[in-house]
């Protein structure tokens, strides 16, 4: 499944980041987020708006379009 | 003099520490990318200068502000680096720390936010961490200044570089020594650091290296090494391989020096976000916050205080001055320049100091609380639909204070076209100088709905900016390539009074200073132009030079509702700084204070004309300082001229629509 | 009328100076307000931001 399908409050492991844009991948890496990281969905804004996510106690925001390209598995 | 650089991840408290270690004050806030310019200050102990650098995650820059930090490290030579590390996000922070250790200069670690880490059950053994990294580690709380003395003490001791080194494996080490062999021994850089950064894909370092090694050879070396790494099956690319090796080492360091106790403290940030980022409430709550800010700035707090100040300036202050001038035996010319020029011009602007400080107070509060990044998140959906980025909302809100720092804040936007678009549109944001015009007109014509009228102008500025963004981004600033929107949402914190007041004062003092300097000078000149005419001095106002100048352009303003020379002259002088519009009006209408001016304005403007005038003042040309910053930031004369011309056109069109449309609807 | 002359010179002199300074400072833009402007050689002429250069 993709990150965009994750339910609010649930945790998942990132499996594949290769489909997102290099710029976003690099920023995620800067935040220490890479394949294998455990990610949790905190909020989802309406109308395919941004996502608020959490990895390692750090909250960050991401666009729907990017979340759709991130492959995850629920843990 | 020695120079010491402050480096670290964004929003870890570098500038807070900078303010504590030096006597200066620089802008702080709670979001990623507050500092977009390097700042310099003298250390309190007096023997070195401290340089505050914009936050970076790694030494390979993505955005313009990050580039500044890297360029500093490449081109200047700090004697020591203080690396501020966020203890609550140690793993991520150490990635930069290791790159800084490899840089080879003496390093000192300031371990910040240990309190947040502790609340999450994370305990860091500083001594062990120091031993593992080979550099001193000093625990600090940058916001209160605790630990500063130890930092100063450590800086006083002779520092040596760390011997910390990571073995990146045979393939990489081979490439490193190959580069090492080809570099002159006397270069002012650590060869090993240059080599690692180059292999990690750092384009700034690559540019530097190409001065000594032909680019062709560099590319060949890079591809060859990358292929070898790929063949081992460990990683697809060189950078990700190096990242991986480094990360393994970091994990082992953390495994030794960090203890995690499971502790489930209440996560306030998440609780607050549950409300503020709520699907349905998020945006309405943001609008409500802004509305409250304007209510305080105008109706509830600002205007009553301003009225008091106005009363004082026009009453006791000018009476006293009149008496003093008479006592000195001043001529009527001198009396006139002081009372009709300076008091009217400078006083007319000064009375708005309370409103402006209140607005700045709330902006500071937004900046320090952590809400700013959430606003960017909330707005991203809307912003991306017009070709902008949620992050562009931060420069816009800062622009409500002053457009100049707003435009500079656009540096954190990674995508060049989105950044350019943000720079071009930021001047439309209604800055505090324009507030003086609204405050004056709103009080004169819309007394019972002041904050609503002013809010409508702020909304107008944002709506115009968004519509233009859509227009520009779908025509000449089109970009197909994906933009990036990844934004850190820092933990909320309760703003400290000390920081809030300081930050408000630092923002507002520019306004006061400007009133005492430039507005003073401008008022004198404008008064002189209104006092003199072709037929000599002390002419009838309508025969003055100012009237002639104003009349020359008044015709143009007739279709948008204010074809009198007074409006023309005010707008013309307002290009220098928008407060001057108010100064000029005070001088032209020869009123001693704003209350009197409000009465006089009623004879020259109708409510509809007044609104049209406010809208025009809001949008027409950025002020001189803003134009200069646009030129510096875009490095293009073309875009600078464009920003002036499009603003004039859009201001005219919108005022035309307001005035003619309003008349059709029966307003007057 | 020494007092008149003195006040006049003071006012107009100061006014002229402030305007000149303002225009000069505004034209210089960001580097004029930067505390490093005398020594800095990397901010004011740093290369144009190099676009989204990343590694895959």
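Every residue, even glycine, has its Cβ placed from backbone N, Cα and C.
Features as listed in TrEMBL:
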type	residues	note
BINDING	B:8-15, B:33-37, B:52-55, B:112-115	GTP binding site
BINDING	B:19	Mg(2+) 2 binding site
BINDING	B:22	Mg(2+) 1 binding site
DOMAIN	B:1-161	domain 'FeoB-type G'
TRANSMEM	B:280-301	transmembrane segment
TRANSMEM	B:321-339	transmembrane segment
TRANSMEM	B:346-366	transmembrane segment
TRANSMEM	B:386-408	transmembrane segment
TRANSMEM	B:420-446	transmembrane segment
TRANSMEM	B:452-472	transmembrane segment
TRANSMEM	B:511-532	transmembrane segment
TRANSMEM	B:544-562	transmembrane segment
TRANSMEM	B:569-590	transmembrane segment
TRANSMEM	B:610-630	transmembrane segment
TRANSMEM	B:639-659	transmembrane segment
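Feature map: TrEMBL annotations on the structure.
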residue: B:8; record: GTP binding site; Cβ within 10 Å: 27
residue: B:11; record: GTP binding site; Cβ within 10 Å: 24
residue: B:14; record: GTP binding site; Cβ within 10 Å: 29
residue: B:19; record: Mg(2+) 2 binding site; Cβ within 10 Å: 23
residue: B:22; record: Mg(2+) 1 binding site; Cβ within 10 Å: 18
residue: B:34; record: GTP binding site; Cβ within 10 Å: 25
residue: B:37; record: GTP binding site; Cβ within 10 Å: 22
residue: B:54; record: GTP binding site; Cβ within 10 Å: 27
residue: B:113; record: GTP binding site; Cβ within 10 Å: 25
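The list of residues near the transmembrane segment (B:569-590) in space but at least 6 beyond its ends in sequence, with Cβ under 8 angstroms from a Cβ of it, reads 340-341, 344-349, 352, 431, 433-434, 436-437, 440, 511, 514-515, 518-519, 522-523, 526-527, 530, 541, 546-547, 549-550, 553, 557, 597, 600-601, 604, 616-617, 620-621, 623-625. Counting Cβ pairs closer than 8 Å and at least 6 residues apart in sequence, the transmembrane segment (B:511-532) and the transmembrane segment (B:346-366) reach three or more and so form a contact. Here the transmembrane segment (B:639-659) has Cβ contacts under 8 Å with residues 420, 423-424, 427-428, 460, 464, 468, 559-561, 608-609, 611-613, 615-616, 618-622, 627, 630-631 of the same chain, all six or more residues outside its ends. Under the DSSP three-state reduction, residue B:34 (GTP binding site) is assigned to coil, being neither helix nor strand.
Between the transmembrane segment (B:610-630) and the transmembrane segment (B:420-446), three or more CB pairs separated by 6 or more residues in sequence fall under 8 Å, so the two stretches touch. Counting only the Cα atoms, the space from residue B:113 (GTP binding site) to residue B:19 (Mg(2+) 2 binding site) is about 17 angstrom. Here the C-alpha separation of residue B:11 (GTP binding site) and residue B:19 (Mg(2+) 2 binding site) works out to 14 Å.
Here the transmembrane segment (B:420-446) has Cβ contacts under 8 Å with residues 298, 302-303, 306, 348-349, 352, 355-356, 359-360, 387-389, 392, 395-397, 399-403, 406-407, 410, 413, 452-454, 457-458, 461-462, 464-465, 468-469, 472-473, 477, 511, 577-579, 581-582, 585, 594, 597-599, 601-602, 605, 607, 610-611, 613-614, 617-619, 622-623, 626, 630, 633-634, 639, 642-643, 646-647 of the same chain, all six or more residues outside its ends. Chain C comes close to B:37, taken from the binding-site residues B:8, B:11, B:19, B:34, B:37 by a C-beta to C-beta distance under 8 angstroms.
Within the same chain, residues 290-291, 294, 297-298, 382-383, 385-388, 396, 400, 421, 424-425, 428-430, 435, 438-439, 442, 446, 611, 614-615, 618-619, 646, 650, 654 sit at least 6 positions outside the transmembrane segment (B:452-472) and bring their C-beta atoms closer than 8 Å to a C-beta of that stretch.
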